[in-house]
Number of protein chains: 2
Amino acid sequence: MSPVAFSSSDDQLPLGEYLFRRIRSLGIGSIFGVPGDFNLGLLEHLYSVQGLKWVGCCNELNSAYSADGYARMSGKLGVVVTTFGVGELSAINGISGAFAEYVPVLHIVGTTPTIFKADGRFTHHLVTDKSVLHAADHYSYENMVGAVSCCAETITHADEAYQKIDHVLSEILYHKRPGYLFVPIDLADSLVDSTSLLTTPGEMFYERPIDPNPSQTLKIATLILDKIYHSSNPCILADVFTDRFDMTETVREFVKSTQIPNFASMMGKGILDETENSYVGSYNGNESNQAIIDWIDSSDLLIHIGDYDNEINSGHDSIHSGLNEIITLNHERIRVCSEIFTDVNFVYVLPAMLALLEKAKIPETITDNWPIDKILMNHPTPVPTPHVSQTDLFYSLQEFLRPNDVLVCDTGSFMFAIPDLVFPQGVKYIGQQFYLSIGYALPATLGVGKALQDMGFESRLILVEGDGAAQMTIQEFGNYIQEGISPTVLLLNNSGYTVERIIKGPERTYNDIVPHWQWCDLFRVFGDYTETKSSSVKVKSQKDLSLALNSIQSGKINMVEVIMDKMDCPWRFIKMTANSKSKV
Amino acid sequence: MSPVAFSSSDDQLPLGEYLFRRIRSLGIGSIFGVPGDFNLGLLEHLYSVQGLKWVGCCNELNSAYSADGYARMSGKLGVVVTTFGVGELSAINGISGAFAEYVPVLHIVGTTPTIFKADGRFTHHLVTDKSVLHAADHYSYENMVGAVSCCAETITHADEAYQKIDHVLSEILYHKRPGYLFVPIDLADSLVDSTSLLTTPGEMFYERPIDPNPSQTLKIATLILDKIYHSSNPCILADVFTDRFDMTETVREFVKSTQIPNFASMMGKGILDETENSYVGSYNGNESNQAIIDWIDSSDLLIHIGDYDNEINSGHDSIHSGLNEIITLNHERIRVCSEIFTDVNFVYVLPAMLALLEKAKIPETITDNWPIDKILMNHPTPVPTPHVSQTDLFYSLQEFLRPNDVLVCDTGSFMFAIPDLVFPQGVKYIGQQFYLSIGYALPATLGVGKALQDMGFESRLILVEGDGAAQMTIQEFGNYIQEGISPTVLLLNNSGYTVERIIKGPERTYNDIVPHWQWCDLFRVFGDYTETKSSSVKVKSQKDLSLALNSIQSGKINMVEVIMDKMDCPWRFIKMTANSKSKV
C-alpha cells in the first residue's frame, strides 16, 4: 500500500486527523480499540482519513492482542486506541507481551484534558491518591508504562504534537517494540503543523539509518566469514530477531548460497525456508530431539543469527553449551567466539557477509544420507488414546498445511509440537512463544486476518487454540464474523490447562476450566445464527479429524473442536519441564 | 463465619498453607483466580484448608472483578490469585477500580523464584530490559502497583513471611483498599512461623484501633451537634465512605433518631433505609432532579457523611455550592463549616454524636405534605418508543424489587436511573459508580453470588447489564452455571455504547458493538445446554418485560434480553453530560 494522497495542501490539520493520516501513511489500513469518553474526540477524526478502518473490539486486552497480530503479519505496525485508565490498564498485558516479543505496536490513549491534569481534579476513571486530602495525579497510569514500552510521549500542547507523534512512531519502528502516545482529549481538534506528512513520507519511517560504523561492519563480516571458511562442519541457527529486524530474506539468501545445514530456534520457527534441502529442524538446546542435539554437538561452528537469549529459546541456557565455537548476531551485540562487539548491528553485518561471500570457501557438509526424514526424526510414536492424540493432530496438521498458509497458535500444549512441523514454502507462524500469555492468539488472529485483507493476500489462516486459552478471550470470535475473517480454528478441547497439569496438580480443581461449553455453537451465538459464514464440527478420532480437515469450506470460518486427553502433551514440553525444574 | 479450627498445634506451617489459613480466618470462603506455573505451588496448599474454595475464573480481569464483588457483598475481603506478569497485568484494571472505589482486595501474585530474581535470568512471562545486554528486572511489574494499592509486600524469605502476610491484610482492612502480596514460587512450601494464627485470630483484623485522640473526637462531635441544634432546616447526605468504613448502621440510627431529611449521594445509594419516612431521594448537585436541588438549597445546614469528593459524586463540584452551611465527615477530614480538622476520623465522631445526641434539640423539619411522592418527583414521563424505554425499565424494576434484594448494575446508561429507585428494606446496591470500567458488573456478580452463598444469605440477585459492557467479560456467565449463582439478568440490548453516543458520535461506527449476538442462547452455550439451570427470554415491550419479571423462576438464572432504543438514556446522564461539558 502506498501512503494516502492528501486532498489539500494545508499545512495545518486537527491533531486527530494528523495522527491518523500519519498512521495511514505508514501503510496501515486497520486500527483496533474500544471507545471511551476520553478518546471519542480523537476517533472522530478517523472518518477524515480514507483507507483507515476502525475495528471495534469487545475489550481492550483483545484490542491490544489484535494490534500485535496485525503488526506481526503486516511487518508494519499495529495500532490500538483505548481510553484513560480503565481502557489503557486493561490493555497493558497485551502491550507487555508485544514488548517482550519485540512487536511494534502504538498504544494511543485518550486522556483527561490538560486543565484537569493541571488542577488535579478527581475525574472518573482516575485513582485518587492514597489520601483523599491530596490532589489526584493524572499521570499515575502514564508512569506505569516505562518497563513495557520503548518510548512514551505525552502531548501537552498542540505545537509539539507532530514532533511527538512522529518521534514515538519512529522509535517504535526502529526498536520494534511498543510505544505509548497519550493525548489529552481537549487537544484532539487543535490545529497542528502537518507539513511533515509531505516532507517525511511514511516510507521514510521504515528506512534503515545509514550504518554509523561501516569499517567495523566490514571487519566483523570478514571475521565471521573467515571463521566459516575455516570450519569443517558449521551450522546456522535462525532466531527471532532475524524476523523482527527484517533480516529474513537476507538470512534465507545466505543459507541458499552456502547450503550450510540450518535450524530454527523456538521463536525463530518459519524464518527459514524449510523446503530447502539444507534445513534440518528445530534446536533449543537440551530440550530438542536427541538427533538434533547430536547433530549440533558434532558441528564445530554454530552461527546463531538474530539471537534472543531467553530461557525458552535457549533451552534454559543449554543452547550454547556444546563444544563447538559460537557466533551470535543481533541488533545490539555480535559475538565471534571469544570476542564480543557491541558497536555493530547485524542488520549491516549480514548484508555485508552476503556481499563478501566466496562460495567456494564454504565447507561442504551435506553427506550421502541427506535429506534425512525430518519429521520422523523429530516426532515419537502416538500415545494410544480413545480420542485424538497430540501426535494425531500433529500429523494431520502437517498434511493439512499448504504453501503460504498463516498458522497462529495460542500458548498451550500444542505450541510445543509446532517446531517439529516442516513448513511448506511461505508458511508464516505466529505465536507468543516467550511471553506466553494464554488467550493471546484468538484476538491476534483477528489482527492477522485484517492485515491479510489490507495486504490483499489470500493466504489460508489457521488458528490452533486450547480450551483454557479460548475462554480468556472468546468474545472476539464475534469479530471474525463481523470483519470477514475466515480461519480454520482447531479448538483443542482437553478439559483444562494441560500444560499446568504437566507441571503440577494433574487432577487438581485449579487446573480445571469452566466446563461444558458448547464450542460448536459459539459462532452461531456470536453472530452467524444461520451458519452461512461458519461451519462447526466436533471430532473425537484421527479419522474424523482428517475428514473434517478435508472438508474445509473456503471463505467460511471452519471450527473443528478436537476432543483430546487431558494429560496428552507433546514430548518437547515434557522434556522442557524436566529440564527447567533442574535449573531452579 | 468463625475462623477455622486448626487441626494441629504446630507452630510452623508451609507458607502457602499459612497464607490460606490466614485468609480463611478472616471469614473468607471463596477466592478467585487463574492458575499459572508461578502460582501452582501456592495453590496446592488450598486443599489443606477446610472451608476455602477455589473459584477458577476464565481470565484474570474477571477474577479481580469477582474478588471486588465478593468484598463489597461480604463486607470482608476479596482475594484474587494470579501468576507473574501475564496474569497480574491482566488483572490490574480490576485492582485499580477497587483502589479508586475503596474496596478491600488482596491480590496474590505467584512470582519467579528468588534465585531467578537474584540473577536476572530471562524467564518467560518477563519483559526484558530495553537493551538485551542488560539483565532482566524481575521487579518490573511489582514496581507498577504503587499508585493502585495501599500496600505491596514482596516476600523475600520465609522468616518474614507471616509478618508480611499479616501486615498487608491489616493494611487492606484498615484502608479499605487493595494490597499486593508477591510470593516467589520457590517459597510456597517453606515452613513459616504460624503462631500468629492463634495469637492474632482473624476477628482482630476487623477491630478498629482505639481512638488516638478521644478529646478531639468529643469536641468535634459536640461542635457538630451544636450546629445541628441551632439549624432550622438541616439535611443529611449519606455518601460512600459511610459504607466503606462500616458506618452504615450508625448513620441509619442517627437518621432514625433525628428524623432529619436525608439524601443519598451517587455512590452512597443503598446506605440509607429508604423506607424511612425521612428519606427524600438522591442528590448530586446540579445534576439532580430540580425538586431535590431546591430542597437542598432551602436547607440551612447540609451534613455530608462519608463524603468522597469526586466529580461523579459531587455533580462536577456543584454539591456544596449552595448558600447553606456545610459539614463533611470522612476518615481523613472533618469540616465543620469554615473549620477543617484532619486529626479526627468519622468512625469515632459518628458514634460519639449518637451517644451525645439530645433528640429534643433537633429542629422539626418534616412538614404537612410529607411524605412526598418520591418516585414521581424524580422521574420524567417515558419517551415514546416501539421498544422498552429506559423509563419503562425503571418502573418495572422498581416494582420488581423486594426487601433484601442485591442489585448489581454495570457501567452504562441505566446506572444513572438507579438513584431514582426507592429501595425496599435491606436492598444492597453494587456498581462501579466512579471508576466506571465497563464490563465490571458481570464478573462482580459472580463474586457477589459466592459471598451470598458463603454468608448463607438467600437474597435475590439482580444484574443490570448493557450489551457493550457484557461483551467485555461475557465468558464469566459460564461460572454462574458452574458455581450455582442464579441472578436475574436484565441484558439491555441497545446496539452499542449508548452513553458514548450521548457524549459524541451518535451514529459513528466506533460506538457500535459487534452485532447480532444471540444473547438468549448464551447460557445454553456456556454450559446449560438443556436449560435446566437457566431460562432466557427476549422482550421488546413494557408488557412483555412485566410478564418476564413476573415469571422469574427461583433457583434458576433468569436472563431477560430487553430490546431498547440506542439513543434512549435516563435524564440524569443527559443532565450530567451537559453539566460536565460546561466544566472543561
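Don't overthink the numbers, they just go from 1 along the chain as shown.
Glycine too: its Cβ is placed from the backbone N, Cα and C atoms.
Just so you know, TrEMBL annotations never went through curation; they're auto-generated.
According to TrEMBL, the domain 'Thiamine pyrophosphate enzyme N-terminal TPP-binding' annotation covers B:15-118.
Annotation comment: TrEMBL describes B:224-347 as domain 'Thiamine pyrophosphate enzyme central'.
Taking DSSP states H, G and I as helix and E and B as strand, the domain 'Thiamine pyrophosphate enzyme TPP-binding' (B:425-503) has 38 helix, 15 strand, 26 coil. Per TrEMBL, the feature domain 'Thiamine pyrophosphate enzyme TPP-binding' maps to B:425-503.
Per TrEMBL, Mg(2+) binding site is recorded for B:Asp467, B:Asn494, B:Gly496. Within 10 Å of the C-beta of B:Asn494 (Mg(2+) binding site) there are 25 other C-beta atoms, taking all protein chains into account.
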Near B:Asp467 (Mg(2+) binding site), how many other Cβ atoms are within 10 Å of its Cβ? 25
So for B:Gly496 (Mg(2+) binding site), how many other CB atoms are inside 10 Å of its CB? 25
Take every residue in the domain 'Thiamine pyrophosphate enzyme TPP-binding' (B:425-503), average their pLDDT values, and give the whole-number result. 97
What are the DSSP helix, strand and coil residue counts for the domain 'Thiamine pyrophosphate enzyme central' (B:224-347)? 36 helix, 28 strand, 60 coil
Could you name the residues, excluding B:Asp467, B:Asn494, B:Gly496, of the same chain that surround the Mg(2+) site, i.e. Cβ within 8 Å of the Cβ centre of those residues, in sequence order? B:Gly466, B:Gly468, B:Leu492, B:Asn493, B:Ser495, B:Tyr497, B:Thr498, B:Ile513, B:Met564, B:Lys566
